[in-house]
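Worksheet: the structure to be examined is printed underneath.
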Amino acid sequence: MLLVSTVSAVPGLFSPPSSPSNSSQEELLDDRDPLLVRAELALLSTIFVAVALSNGLVLGALIRRGRRGRWAPMHVFISHLCLADLAVALFQVLPQLAWDATDRFHGPDALCRAVKYLQMVGMYASSYMILAMTLDRHRAICRPMLAYRHGGGARWNRPVLVAWAFSLLLSLPQLFIFAQRDVGNGSGVFDCWARFAEPWGLRAYVTWIALMVFVAPALGIAACQVLIFREIHASLVPGPSERAGRRRRGRRTGSPSEGAHVSAAMAKTVRMTLVIVIVYVLCWAPFFLVQLWAAWDPEAPLERPPFVLLMLLASLNSCTNPWIYASFSSSVSSELRSLLCCAQRHTTHSLGPQDESCATASSSLMKDTPS
């Protein structure tokens, strides 16, 4: 479950713990704790179902809504975030589930490299899509004249393309670091492991991944959200010159209802800001802390159950992403309720008031303003 492995030390990205290279043939067999293996499989299965189901539902709701009109900019980002998280489920969690079940990677060298590459693509894409979405919200609020200059409502806009391009590019080292290698000095037992030219290569690479996948996006997201909050706060609290102008005119600019609407919008933005940053840090921090610990400390408890289970939580953020943005988007949450309502109708094969409620929900969404 470590990010990378050498043939003499630690297991590979999301691979089960393996024996060191000087082990005998008997020791290279699967001697893992059966209870721990079952716990790993149960945890990975739960994460896979949660990621696939939640992102599939939200993506289905967005596609259903998009068929009836132009895609809103926020919906474009949420849909690509769902795609990135589905890539995490299919190319990261599912291979790890099979890997944990068999203890060794069973497949050719090309498949080993492809799996490792796609695992990292999913991690980068999920983080960078959130960062791209936050940058777009910052531009829309703080630089509104530039918000839609580059095709904000298109299904593929510039921030989305940049996020995918960086994810594909930064994952390329995986193709050269990992390969099917003998884990026991001629034992004939092979696993998908990494090899570095220098002893410090493992520490440098794990630290680089932690910075690029977790630290840098987290700082960027937090900075953008602070700037968004400051911009909204500045629009609500007039400066000295604006207050003087209002006194000279002898009247207020704007109605109480308009001010209340802006205050509600700011409160919603602040809540979303806190949720995004806190959940992002809480989901990624345990995983990368144990990764860095394992890379920098030769005495790290690699096979202790808490340590092993924490290494499986790289995809935890993909479980929460769709629900965070769906809950703060009235149009997405309404479409999701309508989709679930109609799915229940088809499941029960019932006609009558339930059909009418589905139709009413769908028609009302046509007038819903994207948020």
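Using N, Cα and C of the backbone, Cβ positions are placed for all residues, glycine too.
Predicted, not measured: the structure shown is a model, and the values here were computed from it.
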Worksheet item: Taking the topology from Swiss-Prot, would His138 and Leu339 be on the same side of the membrane?
Response: yes
Discussion item. I'd like the per-state residue tally for the topological domain 'Extracellular' (294-308) from DSSP, helix first, then strand, then coil.
Written reply: 7 helix, 0 strand, 8 coil
Worksheet item: Can at least 3 Cβ pairs under 8 A be found between the transmembrane segment (39-63) and the transmembrane segment (272-293), with each pair 6 or more apart in sequence?
Response: no
Item to complete: Take a look at 78-98, 114-135, 201-220, 272-293, 309-328 and tell me which one has the most Cβ pairs under 8 Å to the transmembrane segment (160-180).
Response: 114-135
Discussion item. Around the C-beta of Cys341 (S-palmitoyl cysteine), how many further C-beta atoms are within 10 angstroms, looking at every protein chain?
Written reply: 17
Fill in: DSSP-derived class (H/G/I helix, E/B strand, else coil) of Cys341 (S-palmitoyl cysteine)
helix
